[in-house]
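> Before I ask anything, let me first share the structure, which is written out below as structure tokens.
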Amino acid sequence: MAGYSGYLVYRVFLGVDSHEFPAKNYGDLAFRTVGRYGRHITNVCQGLALLLLTGQVTIQFGQNISQMSKFKLCYAVCPVIFACAGFFVSQIRTLRAYGWIANCAVWLNIFVIIMTMGIIANSPPNYGVATLGSAGSAVDPASITPDKDGNYPPIVHYNNIPPDGLIGSLNGMLSGVLAYAGVQLFVEFMAEMRRPRDFIKAMWGAQFFIYSIYLIYGCVIYYLQGQYSYNPSYQGVSAYGWQTAGNMITLIGALIAGGLYGNIGIKVVYNNIFLDIFKAPPLTTRVGKIIYATLCPIWWIIAFVIAAAIPDYMGFVSVISASMLLNLTYSLPPLFALSFDIQKNGIRQGDGFHPSTGRVVQDESTVQRYMRGFLAGGMFQVSINIWHIVYFLASLSMCGLGMYAAVTGKSHLSRDKYVCCGD
């Protein structure tokens with residue numbers, strides 16, 4: 001479904017983009033299909049989502065640094081180290097410059113996946129870290145709690161939904177939402193590529209690649225560690241040396257991801273707040289570049305505050321996935337596609353803007369035009385319109401259910417996740 005949402009964004013982009021009025025960001029699609037208020041809502045959601053995603057990678061890789069120090073380094077310091085490095089990476093202003101380093105990060109992550117599966121297959125689970133947010137902590141905390149002699153329960157697997165495990169299952173699904181939350185960035189990619197067909201081929205190839213890798217990886221890890229499966233899985237490796245290797249290698253990919261989120265997030269804030277409201281100069285000017293460089297540390301400071309305040313990685317992922325990412329990836333694309341098709345099919349001969357008079361000619365009400373646009377195009381197009389309505393409403397309902405699961409899951413977790421000194 002994430003791939004289908006990406007296709008919808010691609011199709012709407014082709015319909016509204018032009019040389020004279022280019023579509024440069026996700027909010028432009030909302031503006032040209034839903035209207036001004038839709039644009040503002042989309043921009044706020046996208047900017048907030050990218051800020052929270054920056055905080056998410058700061059949390060995750062603050063945990064990397066904390067784990068490498070064997071939890072002897074104060075956790076509040078760990079996100080600071082990562083945020084400082086991410087600040088310098090975010091100074092890259094064009095997405096094109098991220099291309100080769102992003103490709104390198106993909107292969108580094110593949111190496112970590114292969115390494116993790118090999119090590120976990122020949123070593124016991126990391127029982128200590130499992131209490132911080134494993135599958136068992138979300139489904140049945142008793143399954144990862146040691147007895148009075150310090151012995152942990154054996155590995156168990158569930159073939160169906162675990163008993164009383166709806167909340168845990170939903171939170172697991174929200175982790176998948178995070179993995180496929182890139183739709184909101186597709187317009188920026190297509191705007192810089194200027195060859196949308198290359199993009200759609202790359203997108204479908206990446207979707208199948210990620211799906212196959214994640215499916216195999218997830219099945220192997222769950223088979224080997226069961227309820228002790230921890231996310232990120234390379235931190236569930238019990239051998240400290242290999243655990244540290246995974247933490248170090250993934251830090252590189254994290255800096256690239258954090259820099260990308262910061263790059264686009266700051267551009268969204270700059271173009272829609274500073275440029276539109278405060279009449280700031282374009283980013284291509286000298287003053288614009290100075291303002292951009294000034295916004296970078298502010299962006300990462302906020303990300304650090306989020307990371308230091310909420311060290312529960314899985315709980316935080318569930319919250320941002322349910323509240324922001326699910327809507328940006330699954331709710332908005334069908335809404336944009338539906339609005340685009342209705343307006344396109346609702347145009348009649350003679351309607352539209354007349355340059356000679358400077359007037360817009362419309363011989364009927366807005367409701368009549370929208371109804372005609374919804375019912376035009378034959379049975380197939382009407383079926384597509386109905387499907388997009390169902391898709392949109394189902395995504396909204398999943399947002400509410402996901403928020404309930406995320407908040408409920410966080411309320412069951414221990415509050416003492418990290419301490420500032422070792423034992």
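Quick reminder: no glycine exception, Cβ is built from N, Cα and C everywhere.
Unlike curated entries, TrEMBL annotations are predicted automatically.
What TrEMBL records for this protein is below:
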type	residues	note
DOMAIN	21-117	domain 'Amino acid transporter transmembrane'
TRANSMEM	73-92	transmembrane segment
TRANSMEM	98-120	transmembrane segment
TRANSMEM	165-187	transmembrane segment
DOMAIN	178-339	domain 'Amino acid transporter transmembrane'
TRANSMEM	208-225	transmembrane segment
TRANSMEM	245-270	transmembrane segment
TRANSMEM	290-310	transmembrane segment
TRANSMEM	316-338	transmembrane segment
TRANSMEM	389-407	transmembrane segment
> For the transmembrane segment (208-225), name the stretch out of 73-92, 98-120, 245-270, 389-407 with the most CB-CB pairs under 8 Å.
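Ranking 73-92, 98-120, 245-270, 389-407 by Cβ pairs under 8 Å to the transmembrane segment (208-225) puts 98-120 first.
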> Just to be sure I understand, if DSSP states are collapsed into helix, strand and coil, how many residues of the domain 'Amino acid transporter transmembrane' (21-117) fall in each?
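Helix/strand/coil tally for the domain 'Amino acid transporter transmembrane' (21-117): 77 helix, 0 strand, 20 coil.
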> To the transmembrane segment (316-338), which of 98-120, 290-310, 389-407 is linked by the most Cβ pairs under 8 Å?
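Stretch with maximum Cβ contacts: 389-407.
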> Compare 73-92, 245-270, 290-310 by their Cβ pairs under 8 Å to the transmembrane segment (98-120) and return the stretch that comes out on top.
245-270
> Residues of the same chain, at least six outside the transmembrane segment (290-310), with any C-beta under 8 angstroms of its C-beta?
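That would be 51-52, 54-55, 58-59, 62, 75-76, 79-80, 83-84, 86-87, 90-91, 93, 258, 262, 265-266, 269-270, 274, 280-281, 283, 316.
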> Determine which residues of the chain contact the transmembrane segment (245-270) at the Cβ level, with the cut-off under 8 Å and only residues 6 or more beyond its ends counted.
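Same-chain residues near the transmembrane segment (245-270) but 6 or more away: 25, 27, 43, 46-47, 50-51, 53-54, 57-58, 60-61, 64-65, 67-68, 82, 85-86, 89-90, 92-93, 95, 98, 101-102, 104-106, 108-109, 111-112, 115-116, 185, 188, 232, 234-235, 237, 280, 283, 288, 291-292, 295-296, 299-300, 303.
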